């Protein structure tokens with residue numbers, strides 16, 4: 001998951017780590033695990049956090065003399081020349097496991113050279129073409145499968161081979177769970193450095209919690225309009241001209257200006273697919289004079305179609321909000337679409353967000369209600385939440401119930417109203433509000449003003465008066481942070497993918513709250529921060545003071561590389 005937060009990217013592909021481009025700490029492990037070393041990074045209060053995806057190739061390669069020396073020593077008995085594949089070279093590979101962004105970690109057959117390949121799955125033997133080398137490893141494109149992976153299943157989605165949203169559909173769900181669980185455990189061990197200091201690590205690392213619903217679980221999907229549909233090479237002969245070439249769907253992996261046309265998405269609700277089909281059925285009609293937005297020329301009217309699914313609080317039936325994001329306010333152009341979509345019984349709200357900037361985001365400068373009501377509702381842990389077009393809400397409501405139950409269990413509130421909870425990165429207050437009923441008071445912090453406004457509304461809707469939400473940037477806390485709330489008994493920290501800034505880590509180590517619950521959508525930066533909180537940062541003379549009690553992986557988004565973790569730390 002991730003909510004509105006400091007450097008959150010709205011794309012479907014996660015960044016596994018954020019760190020400054022210096023002070024990388026590396027230790028030797030087997031070459032097939034080299035990628036784990038990229039995430040053992042030191043945060044710095046004097047430099048801005050930089051996503052790992054934006055680091056230079058030399059920094060990503062982790063060119064480290066000590067590591068290389070250790071590799072040479074361990075391989076000295078083989079007396080073989082080092083292997084370095086060239087760009088464009090075809091190599092035979094075996095995929096061993098899944099790693100960064102769900103890419104397959106492979107080895108060149110007959111060597112120990114590590115290769116990363118998108119859409120390669122464990123156990124698969126294939127031919128790949130080297131696209132680029134990054135020092136100690138290379139990236140390849142799969143061109144031919146020689147032996148299928150051991151957990152092969154038929155992907156039910158017709159777009160699975162091209163869409164980057166849920167590219168693990170052809171891997172059995174059991175195998176997906178194994179890969180995610182292994183990834184978390186490896187990161188906690190190697191990046192978090194818990195193997196030597198935690199003899200009972202096997203009891204700390206919990207088995208992953210599966211998701212009972214593997215399809216139709218997303219309550220929010222965003223589709224983009226484009227002037228030319230993207231086609232794979234083998235389908236280029238089907239390219240059309242004019243309005244029939246327009247696209248409404250998802251961005252092709254790696255392209256901001258190319259859209260894969262999608263008529264149905266198996267991850268969203270069935271009523272949402274009915275809306276998508278209804279729009280696809282008519283929006284290309286030349287008589288409607290509707291033009292898709294061109295991300296390069298910045299011309300065009302229709303930018304995005306956002307679909308949100310909620311629940312009627314009284315009946316429990318599904319309700320839909322449809323949000324058309326356009327470059328200008330022209331309701332007369334949208335009227336035919338509004339009339340068609342509003343005939344679907346589940347649609348109770350149709351909004352129009354106007355975004356006139358050249359940026360192709362879905363958040364508008366102005367918002368208009370074209371049909372029905374301005375918000376829809378959903379229920380989470382017995383609380384009602386009002387959801388507007390741009391507000392944050394957990395994308396998988398069903399699994400969020402499971403996640404929040406685990407957080408409540410880790411919090412271990414006495415229930416006598418005597419304990420104070422500090423909710424960091426609180427978003428719209430969903431976690432803090434679910435705990436408020438058993439706490440003395442909840443204090444929530446979040447950088448996004450709109451999220452704080454929604455948090456106050458959610459508290460009011462549910463009659464919760466013992467919750468205070470404050471807007472503030474937790475990456476820029478000063479010496480006086482913490483002066484306006486009492487010392488908490490429990491700290492909840494739910495940062496976005498880059499993890500916590502060193503300033504905040506120092507604050508927590510000085511605060512010495514009895515219990516910290518770290519909720520993470522990125523196990524790499526999670527492992528790094530757990531290391532800091534438990535073991536300290538030696539070069540900065542910072543001492544850790546917490547003991548890691550449990551790490552619970554949760555599969556929030558089946559068929560994707562996303563992993564959620566709930567970690568419990570206690571003051572030692």
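Please read every residue number as a count from 1 along the shown chain.
Cβ coordinates come from backbone N, Cα and C, glycine included.
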**Prompt:** Out of 61-82, 83-104, 105-126, which range is noted as region 'Disordered' by TrEMBL?
**Reply:** 61-82
**Message:** Taking the Cα of residue 521 (active site, nucleophile) as the centre, which of the binding-site residues listed as 394, 425, 446, 494 lie within 10 Å of it?
**Reply:** 494
**Asked** For the binding-site residues 446, 494, which Cβ has the most other Cβ atoms within 10 Å, all shown protein chains included?
**Response** 446
**Asked** Can you count the other CB atoms that lie within 10 A of the CB of residue 425 (S-adenosyl-L-methionine binding site)?
**Response** 24
